[in-house]
Every structure is written in C-alpha cells, then in structure tokens.
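Engineer: Can you read through this structure? Questions will come right after.
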Amino acid sequence: MGGLPCASKCGNKAVLKRPKTGAALCKPCFFWSFETEIHFAIVDNGLFERGDRVAVGASGGKDSTVLAYIMKTLNDRYHYGLELILLSIDEGISGYRDDSLETVKRNSQQYDLPLKILSYEELYGWSMDRIVAQIGLKNNCTFCGVFRRQALDRGAALLGVNKIVTGHNADDIAETVLMNILRGDVARLQRCTAITTKDRDANSTDLPRSKPFKFTYEKEIVMYAYFKGLDYFSTECKYSPNAYRGHARTLIKELEKIRPSSILDIINSGEDLKFTNLVEEKLPTKSKCTKCGFMSSLSVCKACLLLEGLNKGIPQLGNAQKMKVYWHVP
Ligand code: SF4
C-alpha cells in the first residue's frame, strides 16, 4: 500500500484496499469494519432472537468457513444468545466433498461448535458420483441443488433448530438476480434478494433461512479468511459445469471493473422490481409435499420427482415445465 496511513486514522499503516469502499485500511480496522457491517445486517434485519438454535450450513469452503467464524465471533461479542450448530451435507463427490468435510470437522473443533453431517446416500439412496454416472454432466447441478436445499431442511429438522444461515454472499445474489432476469424466472427473481425467508414466507412452516453475507463482497470474504488465517477448502467441485452462472459471474466482474458498485447496484435493482397483481396471483403457493412432507410449491416436491426419475431410470421426469409469468420495472 506504499506506506499509506489507515483511512480510519488509527495511526497504523494501511495493508489493504477494501474492494467494497476503496478505503485503505490496516488489518485490525478491516476486521472491525467487515465484522461490524455483518453485525448491522443481522441486527437491522432482525435475523435472530435470543434463544434461537441456528444451523450454519457448512461446506468447508471460504464462505461458510468465514460465516461459521463470524457467527461465533458476533454471538460472543454482542451476546446474541444463539446456540450455533454446524450442518454439513455430504453430496458424495469423491475427491472433493470428502476432503472439504475434513476441513469442516477441523472447523468444528477450532470454533468449538457441534457438527452434524448428513449424506445424500443416507437421505436419498444416491450419491452425486452415482447420479453423474447415470445422467452425465448436463443437469447434475439441478439434482445436487434441489437435494441440498431439502437436505438442509431435513438436517435442521433432525437437529431441532429453528433457523438456518447460509454463506451466500453479495456476488452470489447479484449473479442470481441476473440469471433470473435472463431466464424470465419471476418466482425466483422475486425472492432471491431477500436476506431472510422469515418475512417472505410468514405463513409457511418452512424454517427461516437467512444470508448474513447479503451485502458482503466475495473478495472481502477471501481477504478476511486470508488475513485471519482461517482453515478452509478451496478446490472446485469436479462436476462444476455450471456454465450459465459462470457467464453471469464473468459479466458482473467486467461491469465491476468499470463501476465498482455494480454488485450492490444489481441487488438493489432486484429488490426494487415491482410485480403486477397478475404476477402475484400466478406465483406458486407453498404447501407440503404429499410424498415426503417437506415444503413444496407443487403437490409432489421437486426432490421427490427427481428421485423418482433416478429410481426409474428416467431422470428427465423431474424436469418440470417452467412457469411463464410477467414482470415489469415501474
Ligand atoms: Fe453440486 Fe454442481 Fe455444486 Fe458440484 S458444482 S457441488 S455438482 S451443485
């Protein structure tokens, strides 16, 4: 940083430039800014109440490792009164998830947080290795994403927690907004920017899920993990062909070079979209899956449909038709 003084005027020399604000900061001031912004995202949005039992979705990757560390740090510092439990889903991807789960096991000891691991194999009778062997590398992430979402709910039910937090960061949310716009997926577009499902699904029995990193840049998560020396796993999934998200990511990175606020701008745009009454009426309502009893917007949930397709050897069975609805920017 060429010997610049820390922008917070603490007297230290700056060692980094914050990607989010451009401020040159020393390490302690960066840690404090990063942690305090997340604290305010939690408090201002009323994500937790004293006594909540909270499952932290933990994969061993940088986002969830930093999330577990931050949740523990803020819970201790600000006396949130939360009981935190790490919940990991083992998709059954050899050479990837088995290694990353070893990281989660170490994190559990390092942060003194209990850990529960649930596998696709035990929940669905299929590992991702076997699913990919059957369906190839085309729709594998659809199966994996649908199963993981439900697996977190199943794990949360087993643990008796009343809330779930995940490490989705601002970059992830901006990518999702863009992808939903490009696909015309109004149902997902309407809900993907919410920091918590608590208010959105007020009448639902679904467990509230929150994203405390909604306003946190991925680059800063990496910086924080690096400067704190956190123990995380950084290998890409070997079945990661998610080309569509990759294009959205590349586009946002290009936009960011010209306009550093692009990530938050896209999130704000997603939040500001207004939906017509016609659209609201057409959005699916949530109920319980008649087969497994977990939340679904169809009578039989997508996880059960996909599983039935796998078991019958017709994996395309679960690829339901997309709903066509309309949205507008006022
Ligand atoms: Fe699952 Fe796809 Fe992610 Fe791999 S890249 S863990 S297959 S969703």
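Even glycines carry a Cβ here, placed using N, Cα and C.
Unlike curated records, TrEMBL annotations are generated automatically.
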Engineer: Which residue of ILE89, ILE93, ILE135, ILE195 does TrEMBL report at the same ATP site as GLY57, ALA58, SER59, ASP63, GLY167, ASP172?
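Structural biologist: Within the candidate list, TrEMBL flags ILE89.
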Engineer: Across the domain '2-thiouridine synthetase TtuA-like N-terminal LIM' (8-30), what does the pLDDT come to on average, as a whole number?
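Structural biologist: Result for the domain '2-thiouridine synthetase TtuA-like N-terminal LIM' (8-30): average pLDDT 95.
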Engineer: What is the one among the binding-site residues ALA58, ILE89 whose Cβ has the most other Cβ atoms less than or equal to 10 Å away?
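Structural biologist: Result of the Cβ crowding comparison: ALA58.
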Engineer: Rounded to whole angstrom, what's the largest C-alpha distance between any two of GLY57, ALA58, SER59, ASP63, ILE89, GLY167, ASP172, listed as binding ATP?
Structural biologist: 19
Engineer: If you count Cβ atoms within 10 Å of the Cβ of GLY57 (ATP binding site), leaving out that atom itself, what do you get?
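Structural biologist: Around GLY57 (ATP binding site), other Cβ atoms within 10 Å: 23.
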Engineer: Below 8 angstroms Cβ to Cβ, which residues of this chain, lying six or more residues outside the domain '2-thiouridine synthetase TtuA-like N-terminal LIM' (8-30), approach it?
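Structural biologist: Apart from its flanks, the domain '2-thiouridine synthetase TtuA-like N-terminal LIM' (8-30) reaches 1, 217, 219-220, 223-224, 227, 260.
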Engineer: Could you say whether, by DSSP, GLY57 (ATP binding site) belongs to a helix, a strand or a coil region?
Structural biologist: strand
